[in-house]
Amino acid sequence: MPLGSSHGPEAETPESGSADMNPVLVVHGGAGPVSEDVRERVRQGIIRAATVGYCILREGGSAVDAVEGAVVTLEDNPEFNAGCGSILNTNGEVEMDASIMEGKDLSTGAVSAVRGIANPIKLARLVKEKTPHCFLTHHGAAQFAAAMGVPEIPAENLITEENKKLLEKEKREKEAQETDSEPNLATVGAVALDCKGNVAYATSTGGIVNKMVGRVGDSPCVGSGGYADSNIGAISTTGHGESILKVNLARLTLFHMEQGKTVEEAADLSLGYMKSRVKGLGGLILVSKTGDWVAKWTTTSMPWAAAKDGKLHFGIDPGETTIKDLA
């Protein structure tokens, strides 16, 4: 049974020909421990991302615009493991992965092992909309970014002192063969339902600390790091990437929804299966085509926020949910 869970009230299924859908936006800041010294900054960062995404929806914007906007906000915040907060590979370099998907036509875009750009999720969307492909990696993604006019930034601009220290600590512990804490499995992601009834997801990450050069996890892999189908719903996942890949966590969760499970039940089943089958920990955010949503995790914590009906729900730890009115 997942450690952490929060969900919205059950939504009513709209009648055929009824008014526009009530928009929903849910974001996560990654599964794993959140230390006391950064907790408030993480909380404010996740609230800001949800607010940015929800404002896009409230103004009539599309689900894909909303999830991109929310994730860009998180990529630009060094407290999160994406964009300028990405953790480092074994050589002390940043390699980032991202994917985005639109549920109305299943169009997808993904990039992996990208370097020297501020917002991989924007590049993933360009792959979706400006190429006949779904996924570009490393040098090819870099060439495409240059052709699209995406600004290249110095690699050191993406490296924080905090992440340098984290890599050194990880290498020391690996050498001493000790693991004193739950690993940071952070990723960022967003899911949305727009007023036209379409859904989308976006997921972005710097990966896992001290990873091999060229390692790619679940985040850019459609069906694992996320999925969106306007006939079912949208999901973004976070956690141990190799475990998520093995069970296709995102599509597995939506499969349970197709079988008639609620968002809560589907999340429990898929996270429980990943934990029992491959001993993998993680979390997810999920919105159904009718606007039901859930945030669930089996790690100690997962920063999350959800906006619906002019209210913002948010939390970090199990059993912790705060609700406030959106301006």
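For all residues, glycine too, the Cβ spot is worked out from N, Cα and C.
Where the annotation comes from TrEMBL, it is an automatic prediction and has not been curated.
Values in this document were obtained by computation on a predicted structure and should not be read as measured data.
According to TrEMBL, the region 'Disordered' annotation covers 1-23.
Within 10 Å of the C-beta atom of THR187 (active site, nucleophile) sit 34 other C-beta atoms, taking all shown protein chains into account. Per TrEMBL, active site, nucleophile is recorded for THR187.
As annotated by TrEMBL, substrate binding site applies to ARG215, VAL216, GLY217, ASP218, THR238, GLY239, HIS240, GLY241.
Of all Cβ atoms in the shown protein chains, 19 besides its own fall within 10 Å of the Cβ of VAL216 (substrate binding site).
Cβ packing within 10 Å was compared across the binding-site residues GLY217, GLY239, GLY241, and the lowest neighbour count falls to GLY217. For the pair GLY241 (substrate binding site) and THR187 (active site, nucleophile), the Cα-Cα distance reads 10 Å. Cα to Cα, THR238 (substrate binding site) and THR187 (active site, nucleophile) are separated by 6 Å. For the substrate site listed in the record, the two most distant Cα atoms among ARG215, VAL216, GLY217, ASP218, THR238, GLY239, HIS240, GLY241 lie 16 Å apart. On a Cα basis, THR187 (active site, nucleophile) lies 10 Å away from ASP218 (substrate binding site).
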